[in-house]
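**Q** Sharing a structure below in structure tokens format, with a few things to ask.
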Amino acid sequence: MPISKIHARYVYDSRGNPTVEVDLVTETGLHRAIVPSGASTGQHEACELRDGDKSKWLGKGVLKAVENVNTVLGPELIKAGLDVKDQTAVDEFLIKLDGTANKTKLGANAILGVSLAVAKAGAAEKGVPLYAHVSDLAGTKKPYVLPVPFQNVLNGGSHAGGRLAFQEFMIVPSAAPSFSEGLRWGAETYHQLKSLAKKKYGQSAGNVGDEGGVAPDIQTAEEALELISEAIEKAGYTGKMKIAMDVASSEFYKEDVKKYDLDFKNPDSDPSNWLTYEQLAALYADLTKKYPIVSIEDPFAEDDWEAWSYFYKTQDIQLVADDLTVTNPIRIKKAIELKAANALLLKVNQIGTLTESIQAAKDSYADGWGVMVSHRSGETEDVTIADIVVGIRAGQIKTGAPARSERLAKLNQILRIEEELGSNAIYAGEDFRKSVTL
């Protein structure tokens, strides 16, 4: 079924920055996708095209990317007359039109908007939900797997004030009997955490960050983990609710001396307290003994390969590569060869097309890695990643706290999918690391 119209415009993301929205029309109607954007971005990811005109949107405009859809990608794709159900052919066509290694010419944000809108049109033409279409494209087996929602309830690092260096502390309801129950456990724990934070750190500690987590004036990871453990206990889930961290350590790595500065937000940070990777690894090991931590993302900097491989040998928890791999097939291959991690953080806008995202997941699965599908800190009401996580059987999703509509939009979509699939779906639960094999 041919595409009759493709039109892009700019809309705003959850941080008030412009982003790209693409409308695509076929005989089945209008299919729309909005592209997200990240705050702490890895230097190896696909190019998000921004205008750089400081007189508008502080340089973050996307008029050029929008124009690239309206004058190049759209017209050329319509002219090519490709079948919207053939996602691979469409994405290869878009990649070829751009012609650069990391989509610098037309912008990954322009290309991804078109790619995701095409996927929605393809699903509509087949008369199936998007997750079913993604499942066909990825060739995943049935039953469907519903993901464990990793809920980012406490923020530090670049996402918050206070001296806390680690960026995200997540609660993980892997022992829940279903997705909906896991989400309920998370919401109840989040409410307990919020009231504890206000009690201990004052009213403003209840304010939420970009992803809906609270950001009290906390100094150390231990202090954060104590507070979360207390909230879990108050909610009645001690022993059942697990914890995960995204350290985002590239943000506080001192490349010149190859050390990690946990006091990086203090301009007078004392270099004698900076840690070698062995010392930082020992700190993580201590924390995992003390608290029910099941997953650590970006424990080391994005090019500190030696540290990753060292830590990998000593740990059996999930080690998630985000800045290290940025969903890039070449980086993923290297991480697998160097035995640096055992799970991939999949962000569709880091690579720029649905086909490449699916391939990144498959490459990771092939080596026994887990895959966690992720939102970005600049999100929108678009829920495509909810369908992707179910379609590729990833078994884990990270999409913020159970707060702020752009985060809940994804979680609510998975609730709908759970209801629709009924007994044709299983909850990944404790098997979230190997859900693709369930």
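Using the three backbone atoms N, Cα and C, a Cβ is placed for every residue, glycine included.
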**Q** Given that Swiss-Prot assigns Glu297, Asp322 to the Mg(2+) site, pick the one from Asp246, Asp382, Asp387 that the record assigns to that site as well.
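**A** Swiss-Prot lists Glu297, Asp322 binding Mg(2+), and from Asp246, Asp382, Asp387 it also lists Asp246.
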**Q** If I take the alpha carbons of Lys398 (substrate binding site) and Asp246 (Mg(2+) binding site), what is the distance between them in whole Å?
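**A** Lys398 (substrate binding site) and Asp246 (Mg(2+) binding site) have their Cα atoms 10 Å apart.
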**Q** Using a 10 Å cut-off between Cα atoms, which of these recorded positions sit near Asp246 (Mg(2+) binding site): Glu297, Lys347, Ser374?
**A** Glu297
**Q** An 8 Å radius from the center of the Asp246, Glu297, Asp322 Cβ atoms defines the neighbourhood of the Mg(2+) site; name the other residues of that chain inside it, in order.
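**A** Those within range, site residues removed, are Gln167, Glu168, Val247, Ala248, Ile296, Asp298, Val320, Ala321, Asp323, Leu345, Ser374, Lys398.
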**Q** When you put Asp322 (Mg(2+) binding site) at the centre and draw a 10 Å sphere around its Cα, which of the recorded positions Glu211, Glu297, Lys347, Arg376 have their Cα inside it?
**A** Glu297, Lys347
